[in-house]
Amino acid sequence: MQQKQTRPRDWLSLTKPGIVVSNVMTAAAGLWLAPGAAGLETAVAALVGTGLLVAGSGAFNQVLERDTDAFMDRTSTRPLAAGRLEPLEGIILGCLAVLGGLLLLGVYVNMLCAALGALATGIYAFVYTPLKRRTFWAVPIGAVSGALPPVMGWTAVTGAVDPGALVLFSILFWWQIPHFLGIALYRAPDYLRAGLKIAPESSAYPITIFWARLSAILTLASVAALPFVLDSKWVFFALAVVGTVGPTVAGFRRVPDGDVAAWGRKLFFSSLATLPLLALGALVEVVI
């Protein structure tokens, strides 16, 4: 009886709804900032299609990581890791969501947007996910996938990858590095216990902190390029600066008495406001 009561929540959890929401927000930002305007049908299809692809990717990710998830406190209660859903159910959900997303994007948006969505899905589910067990370089590879939704939103309007889309990609790409490294340092024992190579051993803490700081600077540098590619989008520019200064400041704070976990935790949480601020800035530009 308990399993039946929790099953709908398990299906929702399989899609990683928090990640779905954040990716749809960045896709919306790209759609709102692009020159021109998409029709309502195109805009809805672009956002729903993107959300379905992200949901399907999340399901595939949990199927492939169900064994490592079981070793981590943060993920051990996920439905596949805990045995409340079967791997085949995750595969079916993932296939249906990805197929639905690609059909929406291909039929109601354009083929370029659909191709970018397919690329993002393939990288996240079938390149980044297995590489996490083997190498730290899975982090920047996965960041490519996470930086594509705003480009998809942009191409839904323009049908092309313009300089503005590339700057948005750059912001999202570099922002993800300190965002992830923060949680990797904060949760390092969890990741290492599960055998994931994306978490640093203690000997690699200095180089990890260096990469987090460098990436935070490159995020700000990408934001600084916005006025050159987005004409008069000053509200978005201002909120993008606010959203990326926080992680940069947190990244350059002194590591307290060698407590790298505490430093990583502050870095991670300081980066959480970035995506909502970017989406808010893009929305305000549409309204005004």
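Glycine residues also receive a Cβ, built from the backbone N, Cα and C atoms like all the rest.
The transmembrane segment annotation in TrEMBL covers 20-38 (among others). Within the chain, the transmembrane segment (20-38) has long-range Cβ neighbours (under 8 A, six or more residues past its boundaries) at 46-47, 50-51, 54-55, 58, 146, 149-158, 162, 164-165, 168, 172, 230-231, 233, 236, 275-276, 278-279, 281-283, 285-286.
Outside the transmembrane segment (44-64) by six or more residues, the chain places 14-17, 19-20, 23-24, 27-28, 31, 38, 78-81, 87, 90-91, 93-105, 107-109, 113-114, 117-118, 120-121, 124-126, 129-130, 145, 149, 152-153, 156 with a CB less than 8 A from a CB of the stretch. The transmembrane segment annotation in TrEMBL covers 44-64 (among others).
Annotation comment: TrEMBL describes 85-103 (among others) as transmembrane segment.
As annotated by TrEMBL, transmembrane segment applies to 109-129 (among others).
The transmembrane segment annotation in TrEMBL covers 136-157 (among others).
According to TrEMBL, the transmembrane segment annotation covers 163-186 (among others).
Taken from TrEMBL, the feature transmembrane segment applies to 207-228 (among others).
Residues of the same chain lying 6 or more positions beyond the ends of the transmembrane segment (234-255) and with a Cβ under 8 Å from any Cβ of it are 29, 33, 171, 175, 178-179, 182, 209, 212-213, 216-217, 219-220, 223, 226-227, 263, 266-267, 270-271, 273-278, 280-282, 284-285, 288. Residues or ranges marked as transmembrane segment by TrEMBL: 234-255 (among others).
Residues or ranges marked as transmembrane segment in TrEMBL: 267-287 (among others).
Packing against the transmembrane segment (109-129) from elsewhere in the chain are residues 42, 45-46, 49-50, 53, 56-57, 60-61, 64-65, 94, 98, 101-102, 138, 141-142, 144-146, 148-149, 151-152, 155-156, 159-161: each is 6 or more residues past its ends and has a CB under 8 Å from a CB in it. Tertiary neighbourhood of the transmembrane segment (136-157): same-chain residues 23-24, 26-38, 42-43, 46-47, 50, 54, 57, 105, 109-110, 112-113, 116-117, 119-121, 123-124, 127-128, 164-166, 168-174, 176-177, 180-181, 184, 197-198, 200, selected by CB-CB distance under 8 Å and a gap of 6+ residues from either end.
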